[in-house]
Amino acid sequence: MEANAGSTLAPVNYSDDNVAKPLENQPVNFYSLTLEDLKAYIKSKGKEQFRAQQIFKWVYEQRVTDPEQMTNLSKEFRQDLPSMLSFDLPPVLQHLKSVDGTQKFLFDMKDGMSVEAVVIPSEDRLTLCISSEVGCNMACKFCFTGKQKLKRRLRTEDIVGQFMQVHDRLAEGQRITNIVFMGMGEPLDNPEAVFKTIDVIHSPWGINLSRKKITVSTSGIVPEMWRVADAKVRLAVSLNGPNDEIRSQVMPINKRWDTKALLEACKEHYRVSKDKITFEYVLLKGITDQLEHARQLVKLVKDVPCKINIIPFNEHPGSGYERPDDDTIQAFHTELMNLGAHVLLRRSMGRDIFAACGQLTTVKERPQTMDISNSRLAGLPKYKRELLAAQEAEQNNQH
């Protein structure tokens, strides 16, 4: 799909801060490179280009990064490789496991920054929810990450590195089957690194994951949405409001690209890709959860082949929003189904370790050390006890 400079889908120009820029005569991070990048780099060093496929296979298929173990490389090349390439990965600062099987990883970006990624299990898949930025510029009101201003966009090696570190910590027999760019940050605010990462993830010489198993989620950066169809991956859109008034209230991006522009881009995506769009809709008590909102939502998206994921709000310290009660959630779900919508009520996974949708942040969480024995909290659901304990800890840290 090519961008038309006169359409709403024309691309935005970004300064390329996503490519590794090593000091002169310093090795390049291997995970910053696609196969074609590595071929060109090796050629520039006077080496045979076919060595790139060999190295990719060693690293991504065999998980070997020690040049001395890459036995089909010449001795001379193995000796030269450490001066050409580094295989550094972002260290794992914290690895938490939920009672429901969800796992959360906190990564050190080595510059004082950190990001999180989440592994979500289900019957037939194991999904990695991956981050694309430290913080986020979108400032969605209900999102914990949105409270943090964008600190920096992740580079390709930062994103690929999340996958590699998670993969190497999975239980025997487990493997990542799906990847969703739904972690910290707005993927289409960092398109160069995100779509370069997708090239590595999809490459048969790389991670070798089908493009149909990769989903890019956006809050609605309309001029960049053409890239998702161009990459032949799936599109998810954070809608979260049944009309412009409510969506603008909870998602400031709607003031720049309203629902009309957003849905036109969605229709264009379907025209090119023939893939249904997934609309994500967070239920906020008293704001987006009424039956009239359900009716408005169905009317809003009626011309876009789609499915709707309903996500009951996951509370976090200082959010100012509440999760609707179960009866309200079920009534909203039923109303959508009665109106003929293809709808899924998403189960919130990992709430006890603050790994659910909208709860990711850049600091170590406290669930391992939270004191929830206080009798005042004892009668509450576990996730609510931990939320209140986290809020108290946050307040104590501010004093």
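Cβ from N, Cα, C; glycine included.
The active site, proton acceptor feature in Swiss-Prot is assigned to Glu116; the stated evidence is sequence analysis. DSSP assigns Glu116 (active site, proton acceptor) to a strand segment in the three-state reduction.
Residues annotated as domain 'Radical SAM core' in Swiss-Prot, with sequence analysis given as evidence: 122-352. As a whole-number mean, the pLDDT of the domain 'Radical SAM core' (122-352) in this prediction is 94.
Here Swiss-Prot flags Cys129-Cys357 as disulfide bond. Under DSSP, Cys129 (disulfide bond) is assigned to a strand (E or B) in the three-state scheme. The Cβ neighbour count for Cys129 (disulfide bond), using a 10 Å radius over every protein chain in view, is 26.
If you draw a 10 Å sphere around the CB of Cys143 ([4Fe-4S] cluster binding site), it holds 26 other CB atoms from the protein chains shown. Sequence annotations record features per position, and here Swiss-Prot assigns [4Fe-4S] cluster binding site to Cys136, Cys140, Cys143 based on sequence analysis.
The S-adenosyl-L-methionine binding site annotation in Swiss-Prot covers Gly185, Glu186, Ser217, Ser238, Leu239, Asn240, Asn314, and the record cites sequence analysis as its basis. Using a 10 Å radius centred on the Cβ of Ser217 (S-adenosyl-L-methionine binding site) and all shown protein chains, the other Cβ atoms total 21.
Per Swiss-Prot, active site, S-methylcysteine intermediate is recorded for Cys357.
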Return the member of Glu116, Cys140, Cys143 nearest to Leu239 (S-adenosyl-L-methionine binding site) in space, with distance defined Cα to Cα and candidates limited to these recorded positions. Cys140
Rounded to an integer, what is the Cα-Cα distance in Å between Cys129 (disulfide bond) and Glu186 (S-adenosyl-L-methionine binding site)? 13
Expressed in Å to no decimal places, the gap between the Cα atoms of Gly185 (S-adenosyl-L-methionine binding site) and Cys136 ([4Fe-4S] cluster binding site) is 5
Collapsed DSSP category at Leu239 (S-adenosyl-L-methionine binding site): coil
Most crowded position, judged by CB atoms within 10 A, among Cys140, Leu239 as binding-site residues: Leu239
